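Annotated features in TrEMBL:
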ACT_SITE  S149  active site, charge relay system
ACT_SITE  D226  active site, charge relay system
ACT_SITE  H260  active site, charge relay system
Amino acid sequence: MALTLVSSNKCAGGFQKVFEHESTELKCKMKFAVYLPPKAETDKCAVMYWLSGLTCTEQNFITKAGSQLGAAEHGIIIVAPDTSPRGCNIEGEDESWDFGTGAGFYINATQDPWKTNYRMYAYVTEELPKLINANFPTDPEKMSISGHSMGGHGALICALKNPGKYKAVSAFAPICNPMQCPWGQKAFSGYLGPDRSTWEAYDATVLAASYSGPQLDILIDQGRDDQFLSASQLLPDNLIAVCSEKKIPVVFRLQPGYDHSYFFIYSFMNDHIKHHAKYLNA
(Lines of atoms letter the chains of each structure in order from A and count residues from 1; the text may use other names and numbers.)
(Lines give C-alpha, C1' and ligand atoms only; values in the text may rest on other atoms or scores of the structure.)
Protein backbone atom coordinates (compact mmCIF):
# COMPACT_ATOMS: atom_id res chain seq x y z
CA MET A 1 0.00 0.00 0.00
CA ALA A 2 2.54 2.60 -1.13
CA LEU A 3 1.65 6.24 -0.59
CA THR A 4 3.04 8.98 -2.84
CA LEU A 5 3.32 12.44 -1.29
CA VAL A 6 1.66 15.02 -3.55
CA SER A 7 2.03 18.09 -1.33
CA SER A 8 2.95 19.14 2.20
CA ASN A 9 2.34 22.54 3.79
CA LYS A 10 3.03 23.63 7.34
CA CYS A 11 -0.28 24.76 8.82
CA ALA A 12 -1.42 25.67 12.35
CA GLY A 13 1.80 24.18 13.77
CA GLY A 14 1.23 20.85 12.02
CA PHE A 15 1.23 19.74 8.39
CA GLN A 16 -1.49 19.64 5.76
CA LYS A 17 -0.53 16.88 3.35
CA VAL A 18 -2.01 15.25 0.26
CA PHE A 19 -1.14 11.70 -0.78
CA GLU A 20 -1.94 9.50 -3.76
CA HIS A 21 -2.29 5.72 -3.77
CA GLU A 22 -3.61 2.86 -5.89
CA SER A 23 -6.99 1.91 -4.45
CA THR A 24 -7.86 -1.78 -4.43
CA GLU A 25 -11.58 -1.05 -3.90
CA LEU A 26 -11.89 1.61 -6.60
CA LYS A 27 -9.34 0.17 -9.07
CA CYS A 28 -7.84 3.59 -9.77
CA LYS A 29 -5.39 6.14 -8.34
CA MET A 30 -6.95 8.10 -5.50
CA LYS A 31 -5.85 11.19 -3.62
CA PHE A 32 -6.66 11.99 -0.01
CA ALA A 33 -5.74 14.86 2.28
CA VAL A 34 -4.47 14.34 5.82
CA TYR A 35 -3.90 17.01 8.43
CA LEU A 36 -1.32 16.03 11.05
CA PRO A 37 -1.60 18.20 14.17
CA PRO A 38 1.50 19.07 16.25
CA LYS A 39 0.51 16.29 18.68
CA ALA A 40 1.13 13.70 15.92
CA GLU A 41 4.89 14.30 16.18
CA THR A 42 5.02 12.69 19.61
CA ASP A 43 1.74 10.91 20.21
CA LYS A 44 -1.04 8.83 18.71
CA CYS A 45 -4.07 10.85 17.64
CA ALA A 46 -7.76 10.25 17.05
CA VAL A 47 -8.93 10.59 13.45
CA MET A 48 -11.88 12.49 12.05
CA TYR A 49 -12.90 11.57 8.50
CA TRP A 50 -14.43 14.33 6.37
CA LEU A 51 -16.59 13.48 3.35
CA SER A 52 -17.10 16.26 0.83
CA GLY A 53 -20.07 17.07 -1.37
CA LEU A 54 -20.94 16.91 -5.06
CA THR A 55 -18.22 18.09 -7.51
CA CYS A 56 -15.58 18.38 -4.78
CA THR A 57 -12.11 16.85 -4.59
CA GLU A 58 -9.91 16.51 -1.50
CA GLN A 59 -8.91 20.16 -2.04
CA ASN A 60 -12.14 22.02 -1.22
CA PHE A 61 -12.22 21.11 2.45
CA ILE A 62 -8.54 21.69 3.18
CA THR A 63 -8.44 25.11 1.50
CA LYS A 64 -11.83 26.50 2.56
CA ALA A 65 -13.14 25.00 5.81
CA GLY A 66 -10.53 26.33 8.25
CA SER A 67 -10.45 23.02 10.09
CA GLN A 68 -6.72 22.97 10.81
CA LEU A 69 -6.69 25.37 13.78
CA GLY A 70 -9.30 23.34 15.68
CA ALA A 71 -7.66 20.06 14.73
CA ALA A 72 -4.31 21.38 15.99
CA GLU A 73 -5.86 22.57 19.25
CA HIS A 74 -7.58 19.24 19.97
CA GLY A 75 -4.86 16.97 18.58
CA ILE A 76 -7.04 15.37 15.91
CA ILE A 77 -5.87 14.03 12.55
CA ILE A 78 -8.34 14.92 9.79
CA VAL A 79 -8.56 12.74 6.69
CA ALA A 80 -10.43 14.03 3.64
CA PRO A 81 -10.76 11.63 0.69
CA ASP A 82 -11.94 12.49 -2.82
CA THR A 83 -15.65 12.15 -3.65
CA SER A 84 -15.48 9.45 -6.34
CA PRO A 85 -13.16 7.29 -8.39
CA ARG A 86 -11.49 9.26 -11.20
CA GLY A 87 -10.30 8.52 -14.71
CA CYS A 88 -11.99 5.13 -14.96
CA ASN A 89 -13.04 5.75 -18.58
CA ILE A 90 -16.61 4.67 -17.89
CA GLU A 91 -19.01 5.87 -20.55
CA GLY A 92 -21.10 8.72 -19.12
CA GLU A 93 -18.94 9.32 -16.02
CA ASP A 94 -18.36 12.99 -16.92
CA GLU A 95 -21.75 13.82 -18.39
CA SER A 96 -23.38 15.40 -15.33
CA TRP A 97 -22.19 17.11 -12.15
CA ASP A 98 -24.48 15.11 -9.84
CA PHE A 99 -23.71 11.60 -11.11
CA GLY A 100 -20.44 9.82 -11.94
CA THR A 101 -17.18 11.72 -11.42
CA GLY A 102 -17.31 13.84 -8.24
CA ALA A 103 -20.59 12.21 -7.24
CA GLY A 104 -19.83 8.76 -5.79
CA PHE A 105 -22.53 9.13 -3.10
CA TYR A 106 -20.53 6.93 -0.68
CA ILE A 107 -22.31 3.73 -1.74
CA ASN A 108 -21.16 0.46 -3.31
CA ALA A 109 -22.65 0.35 -6.80
CA THR A 110 -24.25 -2.90 -7.94
CA GLN A 111 -25.06 -1.94 -11.54
CA ASP A 112 -22.95 -2.03 -14.69
CA PRO A 113 -20.87 -0.13 -15.69
CA TRP A 114 -20.34 1.40 -12.22
CA LYS A 115 -20.01 -1.60 -9.92
CA THR A 116 -16.30 -2.30 -10.51
CA ASN A 117 -15.07 1.16 -9.50
CA TYR A 118 -17.85 2.98 -7.67
CA ARG A 119 -17.34 1.45 -4.23
CA MET A 120 -16.87 4.58 -2.14
CA TYR A 121 -18.65 3.09 0.87
CA ALA A 122 -16.13 0.24 1.11
CA TYR A 123 -13.28 2.65 0.40
CA VAL A 124 -14.25 5.10 3.15
CA THR A 125 -15.20 2.55 5.83
CA GLU A 126 -12.61 -0.19 5.17
CA GLU A 127 -9.74 0.50 2.79
CA LEU A 128 -8.96 4.08 3.79
CA PRO A 129 -8.96 3.58 7.60
CA LYS A 130 -6.61 0.57 7.21
CA LEU A 131 -4.30 2.68 5.05
CA ILE A 132 -4.37 5.61 7.47
CA ASN A 133 -3.78 3.41 10.54
CA ALA A 134 -0.85 1.68 8.83
CA ASN A 135 0.89 4.90 7.79
CA PHE A 136 0.14 7.56 10.41
CA PRO A 137 0.30 7.84 14.23
CA THR A 138 -3.37 7.07 14.87
CA ASP A 139 -5.32 5.54 17.69
CA PRO A 140 -7.34 3.02 15.61
CA GLU A 141 -10.04 2.80 18.28
CA LYS A 142 -10.80 6.51 18.04
CA MET A 143 -12.37 7.60 14.79
CA SER A 144 -15.28 9.85 13.91
CA ILE A 145 -16.91 11.09 10.72
CA SER A 146 -18.35 14.29 9.32
CA GLY A 147 -19.26 15.75 5.97
CA HIS A 148 -21.20 18.23 3.84
CA SER A 149 -24.23 17.72 1.61
CA MET A 150 -23.62 14.42 -0.27
CA GLY A 151 -20.79 13.93 2.23
CA GLY A 152 -23.13 14.66 5.13
CA HIS A 153 -25.28 11.83 3.79
CA GLY A 154 -22.10 9.72 3.62
CA ALA A 155 -21.12 10.52 7.21
CA LEU A 156 -24.59 9.74 8.57
CA ILE A 157 -24.91 6.40 6.77
CA CYS A 158 -21.37 5.30 7.73
CA ALA A 159 -22.14 5.99 11.40
CA LEU A 160 -25.62 4.45 11.33
CA LYS A 161 -24.53 1.31 9.41
CA ASN A 162 -21.57 0.63 11.73
CA PRO A 163 -22.74 0.97 15.34
CA GLY A 164 -19.80 1.75 17.63
CA LYS A 165 -17.24 2.19 14.84
CA TYR A 166 -17.38 5.98 14.87
CA LYS A 167 -17.28 7.75 18.24
CA ALA A 168 -19.06 10.82 16.87
CA VAL A 169 -20.85 12.01 13.76
CA SER A 170 -21.78 15.44 12.46
CA ALA A 171 -22.93 16.97 9.20
CA PHE A 172 -23.42 20.25 7.40
CA ALA A 173 -26.55 20.44 5.22
CA PRO A 174 -26.70 16.67 4.69
CA ILE A 175 -28.87 14.88 2.13
CA CYS A 176 -30.94 13.22 4.86
CA ASN A 177 -33.45 11.17 2.89
CA PRO A 178 -31.96 10.49 -0.57
CA MET A 179 -34.73 8.04 -1.56
CA GLN A 180 -37.15 10.98 -1.51
CA CYS A 181 -35.11 13.66 -3.31
CA PRO A 182 -34.07 14.15 -6.97
CA TRP A 183 -30.31 13.92 -6.31
CA GLY A 184 -30.66 10.65 -4.43
CA GLN A 185 -33.15 9.12 -6.83
CA LYS A 186 -30.88 9.86 -9.81
CA ALA A 187 -27.77 8.47 -8.08
CA PHE A 188 -29.42 5.42 -6.53
CA SER A 189 -31.24 4.36 -9.69
CA GLY A 190 -27.98 4.64 -11.63
CA TYR A 191 -25.68 2.93 -9.12
CA LEU A 192 -28.11 0.53 -7.41
CA GLY A 193 -30.78 -0.10 -10.06
CA PRO A 194 -34.57 0.22 -10.08
CA ASP A 195 -35.33 -1.94 -7.01
CA ARG A 196 -35.94 0.72 -4.37
CA SER A 197 -35.63 -1.78 -1.51
CA THR A 198 -31.87 -1.89 -2.21
CA TRP A 199 -31.70 1.89 -1.75
CA GLU A 200 -32.76 1.67 1.88
CA ALA A 201 -29.30 0.46 2.95
CA TYR A 202 -27.92 3.90 2.05
CA ASP A 203 -30.62 6.25 3.31
CA ALA A 204 -29.94 7.88 6.69
CA THR A 205 -33.62 8.35 7.50
CA VAL A 206 -34.40 4.67 6.83
CA LEU A 207 -31.25 3.52 8.68
CA ALA A 208 -32.07 5.67 11.73
CA ALA A 209 -35.47 3.97 11.97
CA SER A 210 -33.80 0.59 12.52
CA TYR A 211 -30.68 1.74 14.39
CA SER A 212 -29.79 -0.25 17.48
CA GLY A 213 -26.35 0.31 18.89
CA PRO A 214 -24.41 2.48 21.29
CA GLN A 215 -25.77 5.98 21.75
CA LEU A 216 -24.86 8.17 18.80
CA ASP A 217 -24.97 11.93 19.36
CA ILE A 218 -25.56 13.64 16.03
CA LEU A 219 -24.79 17.32 15.36
CA ILE A 220 -26.29 18.85 12.20
CA ASP A 221 -25.95 22.45 11.02
CA GLN A 222 -28.19 23.64 8.20
CA GLY A 223 -28.25 27.08 6.58
CA ARG A 224 -31.77 28.50 6.48
CA ASP A 225 -31.08 30.27 3.17
CA ASP A 226 -29.71 27.12 1.53
CA GLN A 227 -31.19 26.89 -1.97
CA PHE A 228 -31.09 23.09 -1.81
CA LEU A 229 -33.09 23.08 1.42
CA SER A 230 -35.89 24.99 -0.31
CA ALA A 231 -35.56 22.72 -3.37
CA SER A 232 -36.33 19.69 -1.12
CA GLN A 233 -32.98 17.99 -1.79
CA LEU A 234 -31.92 17.80 1.88
CA LEU A 235 -35.12 16.93 3.82
CA PRO A 236 -33.71 17.20 7.37
CA ASP A 237 -37.20 17.18 8.93
CA ASN A 238 -37.69 13.56 7.84
CA LEU A 239 -34.51 12.44 9.64
CA ILE A 240 -35.23 14.49 12.76
CA ALA A 241 -38.74 13.02 13.04
CA VAL A 242 -37.35 9.47 12.95
CA CYS A 243 -34.54 10.28 15.40
CA SER A 244 -36.91 11.79 17.94
CA GLU A 245 -39.17 8.75 17.64
CA LYS A 246 -36.17 6.42 18.12
CA LYS A 247 -34.67 8.58 20.90
CA ILE A 248 -31.47 9.14 18.88
CA PRO A 249 -30.05 12.44 20.21
CA VAL A 250 -29.76 15.06 17.46
CA VAL A 251 -28.73 18.66 17.87
CA PHE A 252 -30.14 20.31 14.73
CA ARG A 253 -29.25 23.97 14.27
CA LEU A 254 -30.99 25.99 11.56
CA GLN A 255 -28.62 28.91 10.94
CA PRO A 256 -30.38 32.06 9.67
CA GLY A 257 -28.88 33.74 6.60
CA TYR A 258 -26.42 30.95 5.73
CA ASP A 259 -26.37 29.16 2.38
CA HIS A 260 -24.94 25.81 1.18
CA SER A 261 -21.38 27.02 0.63
CA TYR A 262 -18.03 26.65 2.38
CA PHE A 263 -18.58 30.13 3.87
CA PHE A 264 -21.27 28.41 5.95
CA ILE A 265 -19.05 25.43 6.80
CA TYR A 266 -16.16 27.72 7.80
CA SER A 267 -18.47 29.62 10.17
CA PHE A 268 -19.33 26.55 12.29
CA MET A 269 -16.38 24.20 11.66
CA ASN A 270 -14.94 24.83 15.10
CA ASP A 271 -18.17 23.76 16.82
CA HIS A 272 -18.05 20.49 14.89
CA ILE A 273 -14.43 19.80 15.78
CA LYS A 274 -15.28 20.45 19.45
CA HIS A 275 -18.21 18.02 19.16
CA HIS A 276 -15.87 15.34 17.78
CA ALA A 277 -13.12 16.10 20.30
CA LYS A 278 -15.57 15.61 23.19
CA TYR A 279 -16.09 11.98 22.16
CA LEU A 280 -12.68 11.24 20.61
CA ASN A 281 -10.64 12.57 23.51
CA ALA A 282 -12.97 11.30 26.24
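Each residue, glycine too, has its Cβ placed from N, Cα and C.
The two recorded residues S149 (active site, charge relay system) and H260 (active site, charge relay system) have their Cα atoms spaced 8 Å from each other.
A gap of 5 Å separates the Cα atoms of D226 (active site, charge relay system) and H260 (active site, charge relay system). In sequence order, S149, A173, G223, D226, Q227, F228, L229 are the residues near H260 (active site, charge relay system), counting only same-chain partners six or more apart with C-beta under 8 A. Of all Cβ atoms in the protein chains displayed, 21 besides its own lie within 10 Å of the Cβ of D226 (active site, charge relay system).
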